[in-house]
Amino acid sequence: MSAQTSPAEKGLNPGLMCQESYACSGTDEAIFECDECCSLQCLRCEEELHRQERLRNHERIRLKPGHVPYCDLCKGLSGHLPGVRQRAIVRCQTCKINLCLECQKRTHSGGNKRRHPVTVYNVSNLQESLEAEEMDEETKRKKMTEKVVSFLLVDENEEIQVTNEEDFIRKLDCKPDQHLKVVSIFGNTGDGKSHTLNHTFFYGREVFKTSPTQESCTVGVWAAYDPVHKVAVIDTEGLLGATVNLSQRTRLLLKVLAISDLVIYRTHADRLHNDLFKFLGDASEAYLKHFTKELKATTARCGLDVPLSTLGPAVIIFHETVHTQLLGSDHPSEVPEKLIQDRFRKLGRFPEAFSSIHYKGTRTYNPPTDFSGLRRALEQLLENNTTRSPRHPGVIFKALKALSDRFSGEIPDDQMAHSSFFPDEYFTCSSLCLSCGVGCKKSMNHGKEGVPHEAKSRCRYSHQYDNRVYTCKACYERGEEVSVVPKTSASTDSPWMGLAKYAWSGYVIECPNCGVVYRSRQYWFGNQDPVDTVVRTEIVHVWPGTDGFLKDNNNAAQRLLDGMNFMAQSVSELSLGPTKAVTSWLTDQIAPAYWRPNSQILSCNKCATSFKDNDTKHHCRACGEGFCDSCSSKTRPVPERGWGPAPVRVCDNCYEARNVQLAVTEAQVDDEGGTLIARKVGEAVQNTLGAVVTAIDIPLGLVKDAARPAYWVPDHEILHCHNCRKEFSIKLSKHHCRACGQGFCDECSHDRRAVPSRGWDHPVRVCFNCNKKPGDL
């Protein structure tokens, strides 16, 4: 701390002499003030004193021109806060202490101390110096806020307008490691919320847009960073405004409140309305019921290094009046905060979520409004870190993102609030049981975390949904609840043996613990109902997107078809190569002379699509080149090639050039004549066989539809793959997932897995999504 004193520093305070006389005689000019030594010190005394071990860490300041020390007696007493200590007016040379006016009267107004010699400080110079310092500080603060701009944080549809943490920090224009708090403002539309923030934090600059028109100028949630107080300031949309999506916008306010450390409720009414107390009371109840749990989960899910307090923010009710007195003016003995609590109690609202509620009022006889009292109250609360500590901006963004992801989605008109600002319907799952109509009690979007629906009451049976569940009676009596389903065969039977047993003794009910507990045709007569003997029935809720619970899982017919298809497909795949080779050779033998041989056609002559082994190649009857089906789907007469007046297959180019006759010589026509007759005969035979195959396909489709399990989507309703949305065609076959029953292409359903809940105990086809589900299907 000590240093050589320059000549310029000497003579700054010629009236202030060293008060220690430790290394001098007390005649040297004071250069330092040590608050812990309670004295002014010259350079030599300061250096010699603070070489000692016990005095080495004392805080010293270098004196400025016109410096006046603090009073030594009243320093630190209750009632004097740091920064408002009394300055001394005299120094007692005998007692060697500095005294303010009050302490001098109290201690030196009588007795021998009255005759003690004193040194008077120049207080007028001090006042001018302090005013200059305050002016400099005010100018510095204004300069810090000159470049502050606000940005849209969340729009009116509850969608966050910043992409990630880095984008949020960049728009705030603060350091990533800066610790800050969040201050937000609420109130009715037109009460001057944006104007209040501009004058309280930004010295009147229009950081948040204001407007004299009737339309609200603040739509959604806007944010800005105050570098002076190191807070993120959030401006919100006003209540009671003429807006659409009112329910979603009201829910958005509670998300902002949940991430705030300090909330200002701005009201410009001559008397406090009930809307204020109802809003804060309902917000407190919804915060405790829905948000505290989610904020705790956010801490664990996002790996936040700062705990999010379950206590809500502090609230300041900023009340501006014109014609009426402020709250508590007619009851000087009662503080306004107690009157506020009484109003809450009368309305049956209990704001337990908020850490504290404060009242700050101002009466505006003549504009402009005085915001200094609000600013001082805010600064005191921001310094209090007992409940809510400052945190990194990334933590604030993660909390807002987690709340937005959880509590999002449209709110139906029939769930609009009538008696409460924040009804449960704004935050709970909107799914209703299809059987009894009861709503789910879980939070919104709980399905993303794998949490199933749950209702407060029991369900009733509906024949339409068959919402029964069988549980093994023997396991239930042992204290376990094990669900069982009727199915074709036991898990220990092979597929073909299971079909044989099913044909003889009917379906089975198998328990994982007890094995096969029931067969429907175990005896020739006298078979009892399983509900009376081995299972118990429970009625469960039917939520949207789920199937019935005891639908017919007897899939014997489908298993038989699957087995036959597997064998037929295997034989077909083994014989595909030789069959195609023979077909191509035979086609080339009877093809006209101008046709390009199949062996030379490797890709479509127009779109250049490469042909696979099982793809069909088509010849244009006009030019003779090879094409795919889509590039040669048109027909027209080609008499110049000997095909007569009947329309035949041609490529797209020849179809468009149909008015241009090809120059074909008579020699060419004679040469093609013999092979053309052979080709016509071949096509006639092929068309006849194709008609027979089509006639066989129709009853085969009926058989497949009859064998389809009840939970499968019918083939005629499946137009595209349920996962990749590709449209089905002759080349793209339909496949059913044995778990969900939806239609998929082969690429999206190539996994194999047992589905015991549907009666498939051996690995069968399942889709990509069902295969990702944990546990048994």
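Glycine residues also receive a Cβ, built from the backbone N, Cα and C atoms like all the rest.
Database features, via Swiss-Prot:
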REGION    416-777  region 'Required for localization in the lipid droplets'
ZN_FING   598-659  zinc finger
BINDING   C604, C607, C628, C631  Zn(2+) 1 binding site
BINDING   C620, C623, C651, C654  Zn(2+) 2 binding site
ZN_FING   715-775  zinc finger
BINDING   C721, C724, C745, C748  Zn(2+) 3 binding site
BINDING   C737, C740, C767, C770  Zn(2+) 4 binding site
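On the structure: features taken from Swiss-Prot.
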{"residue": "C620", "record": "Zn(2+) 2 binding site", "Cβ neighbours (10 Å)": "26"}
{"residue": "C623", "record": "Zn(2+) 2 binding site", "Cβ neighbours (10 Å)": "19"}
{"residue": "C628", "record": "Zn(2+) 1 binding site", "Cβ neighbours (10 Å)": "21"}
{"residue": "C651", "record": "Zn(2+) 2 binding site", "Cβ neighbours (10 Å)": "26"}
{"residue": "C724", "record": "Zn(2+) 3 binding site", "Cβ neighbours (10 Å)": "11"}
{"residue": "C737", "record": "Zn(2+) 4 binding site", "Cβ neighbours (10 Å)": "27"}
{"residue": "C740", "record": "Zn(2+) 4 binding site", "Cβ neighbours (10 Å)": "21"}
{"residue": "C745", "record": "Zn(2+) 3 binding site", "Cβ neighbours (10 Å)": "21"}
{"residue": "C767", "record": "Zn(2+) 4 binding site", "Cβ neighbours (10 Å)": "25"}
{"residue": "C770", "record": "Zn(2+) 4 binding site", "Cβ neighbours (10 Å)": "20"}
Inset, instruction - Tell me the Cβ contacts of C607 (Zn(2+) 1 binding site) under 8 Å, same chain only and six or more apart in sequence, or just say none. - result: C628, S630, C631
Legend entry - Other same-chain residues whose Cβ falls within 8 Å of the Cβ centroid of C604, C607, C628, C631, the recorded Zn(2+) 1 site, in sequence order: S603, N605, K606, A608, T609, F627, D629, S630, S632
Legend entry - List of residues, in chain order, with Cβ under 8 A from that of C721 (Zn(2+) 3 binding site) and at least 6 apart: F728, G743, F744, C745, C748
Legend entry - Separation of alpha carbons, C623 (Zn(2+) 2 binding site) and C724 (Zn(2+) 3 binding site) (Å): 38
Inset, instruction - Using DSSP with the three-state reduction, classify C651 (Zn(2+) 2 binding site) as helix, strand or coil. - result: coil
Legend entry - C-alpha spacing of C651 (Zn(2+) 2 binding site) relative to C737 (Zn(2+) 4 binding site), in angstrom: 39
Legend entry - DSSP-derived helix, strand and coil totals, residue by residue, for the zinc finger (598-659): 14 helix, 14 strand, 34 coil
Legend entry - Residue among binding-site residues C604, C740, C770 with Cα closest to the Cα of C654 (Zn(2+) 2 binding site): C604
Legend entry - Nearest of the binding-site residues (C604, C740, C770) to C620 (Zn(2+) 2 binding site), judged by Cα-Cα distance: C604
Inset, instruction - Let me know how many other Cβ atoms fall within 10 Å of the Cβ of C748 (Zn(2+) 3 binding site). - result: 20
Legend entry - Nearest recorded site to C604 (Zn(2+) 1 binding site) by CA-CA distance, among binding-site residues C623, C651, C740, C767, C770: C651
Inset, instruction - Could you round the CA separation between C740 (Zn(2+) 4 binding site) and C623 (Zn(2+) 2 binding site) to a whole angstrom and send it over? - result: 50
Inset, instruction - Across the whole of the region 'Required for localization in the lipid droplets' (416-777), what does the mean pLDDT come to? Round it, please. - result: 71
Legend entry - C620, C623, C651, C654 excluded, remaining Cβ within 8 Å of their centroid (Zn(2+) 2): R621, A622, G624, E625, F627, S632, V650, D652, N653, Y655
Legend entry - Cα separation, C651 (Zn(2+) 2 binding site) to C767 (Zn(2+) 4 binding site) (Å, whole number): 39
Inset, instruction - Pop the Cα-Cα gap between C623 (Zn(2+) 2 binding site) and C770 (Zn(2+) 4 binding site) into the table, whole Å please. - result: 51
Legend entry - Local backbone state of C770 (Zn(2+) 4 binding site), from DSSP in three classes: helix
